[in-house]
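Asks: Attaching a single structure in structure tokens format; questions to follow.
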Amino acid sequence: QIFNQHNAEAPNLERASHRMAQMEPNLDHDVSWFLLPSYWAKTVVALISFLCFANSYDGDFVFDDSEAIINNKDLRAETPLGDLWYHDFWGSKLSSNTSHKSYRPLTVLTFRINYLFAGGFYPVGFHVINIILHCTISVLMVDVFSILLGGLQFSNKGRRLNLAPKSSLLAALLFAVHPVHTECVAGIVGRADLLCALFFLLSFLGYCKAFRENKEGHAFSVFWVLVSVILGAIAMLCKEQGITILGLNAVFDALVINKINLLELIRKLLYKDKSLENAGLLRKGLLFRITLLMCGGASILYIRWRIMGTGPPAFTEVDNPASFADSLFVRAINYNYYYSLNAWLLLCPWWLCFDWSMGCIPLIKSVSDWRIIALAALWFCLIGLICQALCSEDSHKRRILTLGLGFLIIPFLPASNLFFRVGFVIAERVIYLPSIGYCILFTYGFSLLSKQAKKKKILAVAVLGILLINVMRCALRSSQWRSEEQLFRSALSVCPLNAKVHYNVGKNLADKGNQSAAIKYYREAVRLNPKYVHAMNNLGNILKERNELHEAEELLSLAVQIQPDFAAAWMNLGIVQNSLRRFEEAEQSYWTAIKHRKKYPDCYYNLGRLYADLNRHIDALNAWRNATVLKPEHSLAWNNMIILLDNTGNLAQAEAVGREALELIPNDHSLMFSLANVLGKSQKYKESEALFLKAIKANPNAASYHGNLAVLYHRWGNLDLAKKHYEVSLKLDPMAPGTKENYSLLRRKLEQLQKKGG
């Protein structure tokens, strides 16, 4: 049922006392919407928010999940828990020059718990927690919006009253089904925003509890103010935006608890009015509470600064091109344009993209650019709202508009580039908290329209339509976040100029073995961004594998010229030069890669291969030993050491290395095979046979395993077993080198034995 303007408020509300302030006009009087008891309202919000994102529960790890979860050593049990407090979100040391300084240890801790309970990297558990968190936050929004839209009132028994049940339900539904939240919920890395929002809201509700026992506004609970500060600190340890709740609590205190008229206060401050003390600042303890909030916030920031260090995070121009512009005018214009795009995503969340960098939004460099209109529209709306929030004679209107603007703007400030450079152009995840302000303003606007409209039911049906469209959009967007292929391809139509989008589509295709299609997207990425070294590196790798060595060398040489410390490109350049038999240049490239990345086991492995080709055996063994020291599970390096020692007749040393390798990697069948060969040559037939059989059990379709076991049996004199395994080997690979000749020798020997026996 849709209720009209003059319907009664929620049933069974206890009679309100006037401890906080005199009653204000009720927003629900003007809202044509459903009226539900609190329990049912929260149940509906929870179910609808679950419906929006439920189809993401069995999605893969996508995009940033690889770095933040799969490649993050802080999730593994062998990493001490204490290290989480000194590492950034991606597992790097905060003191490192390459750290992004994103300090979110509590979020990483929840990932670690997920990993431990699941027994590995299984994404279902990670996704389920994200969905539960969003549902919980959406339910909490019912209480938060009831305070922000209806005011803070308590009954004689100390129960908080919901004076805007219809408005708070509508605002909570708008929040729950907003498609811009999909990145936070369906992308596992969005856990940081969800946890931050959870403790952000708990901090706000805790601050409100400080006034539960208030008597005519003259008393409050210091305990709950301190609890609010602690919850704000926890929010910040989940994501940096969490600290902004302390500022919002102060704004709420001034506007709702003390009912300060900001314009009047500014006037009194300017004219040094002696009646300032009567404005409520001192009488109701506002200054004391704000001092507590400021001291708490300053302490939190100081501790974080001490842990993080003084160095700013290292970002590149492609991450945030406007921040690298030389002209202050260009920076200011583009920052404001980014703000207008964020606002548009809240208003019309249809064009969503996992990444908005790398040419997705070209810089505005002149006032003749038509996109200046978006800036003008944004500031026209903001100035209009600010004027109404400050100058309206309706105190109820002033309060709601100021709170709406506060919750829209203040949580967005850390992402605004005003205080420090951020590593993105637009990030949908950072709008999760500011969308609270959007929902307040939307609901208030709906109430104003309802007040003026003659056919209120039509207006309510229109809003229901918006909610339904958002639910469908959330479900569609969630399905796109289920796999990298769908996610990356969905961005092609939104940001066709984004080089990173083409790069990621290409990488996804290359990982699936479709190199021809991958080349097309990598080339487009390089065309869109001629300095995109990662695209050059990956394209060079594919061309190298296709034996198009000269073009590969050109691309990799250009990549290291653009970014001289790009260790992976130096290593790949060395591989290409080695294939071109330019050994001295290859060696120099390998050592340059190691210079820029000291712990680079793959580069030592490739350097060892180069030395082996040059018959510099000692150097090769040393390089491979370095690879295994840096990465003990480096199977290829161990194998090459065993094979080289075997080929040079150092059987005892080869056996020792093989046993050492199998202790570290006991289930590696290639190591079993190599060691079995060595043991067979050392006439340790029984042990060699056991290793061959174990390797064959692990990889039964390897022709060489059967062929070499047949050779062992042939030497050992077990001719029938030798015949059996020669035949299996030839069946698996009729062209197996040496096997056909050995099999022919065995057959002749068997024929001779049969003749003698005859």
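Backbone N, Cα and C define each Cβ position, glycine as well.
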Asks: Given 243-266, 339-362, which one carries TrEMBL's transmembrane segment label?
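Replies: Feature transmembrane segment in TrEMBL: residues 243-266.
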Asks: Among 33-54, 188-207, 243-266, 372-391, 430-449, which stretch has the most Cβ pairs under 8 Å to the transmembrane segment (458-476)?
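Replies: Out of the listed stretches, 33-54 contacts the transmembrane segment (458-476) most.
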Asks: Short question: which residues 6 or more past the ends of the transmembrane segment (219-237) have a Cβ under 8 Å from it?
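Replies: Long-range Cβ neighbours of the transmembrane segment (219-237): 103-106, 195-200, 202-204, 206-207, 209-213, 243, 245-246, 249, 285, 289, 292-293, 296-297, 300, 304.
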Asks: Take the C-beta pairs under 8 A between the transmembrane segment (188-207) and each of 243-266, 286-305, 430-449. Which stretch has the highest count?
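Replies: Looking at each of 243-266, 286-305, 430-449 in turn, the most contacts to the transmembrane segment (188-207) are made by 243-266.
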